[in-house]
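Features as listed in TrEMBL:
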type	residues	note
DNA_BIND	42-61	DNA-binding region
DOMAIN	19-79	domain 'HTH tetR-type'
TRANSMEM	162-185	transmembrane segment
């Protein structure tokens, strides 16, 4: 998988304007949340991991929920918008349906892997955090309206019964399953094996959505 995504969470965190102590607290939170989960991590543990007192944590964050939201909302406010802008610019250069699907599958999977720690935290929290759910779906709705139209070359070449939602749901479910297998279930796969699985996903999606009249 080539280095096509230049913006990721770690880069954002290193470059964001914030007090250095706050940055270290967020970094410590990522390490602990990704290792032992959000519910199993206390603010005392975060303070110890960061090398600070609990009092300093509460100087920046009102409580653990506030800390968690400060950790995750930049994904929707900064990371995804920057990634999406580049993504759609590159996507417009693709002409053939299979080429478009190939780009989407590989590009989105690379994004997941380059941000794997924060993505795992995000996925676990969005299942139970209504505030994060609302923010996420608001972003998705806005993103779809701003970036996609039926006039895109992709839509003139796929089955007219296929909607934008169903297409991206199919792609997302497949690449998320591979991501979960590798990261949560610890299924050992080389990069070559992952690429092979991604190619299989491309073929699966393409055969399911291509225009039968062609």
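Placement of Cβ uses the backbone N, Cα and C atoms for every residue, glycine included.
Automated prediction, rather than curation, is the source of TrEMBL annotations.
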Per-region confidence, the DNA-binding region (42-61) (mean pLDDT, whole number): 96
The domain 'HTH tetR-type' (19-79) - residue tally per DSSP class, helix then strand then coil: 48 helix, 0 strand, 13 coil
Folded-back contacts onto the transmembrane segment (162-185), same chain, C-beta under 8 angstroms, at least six residues removed: 101, 104-105, 108-109, 112-113, 116, 119-120, 144, 148, 194, 197-198, 201, 204-205, 208-209
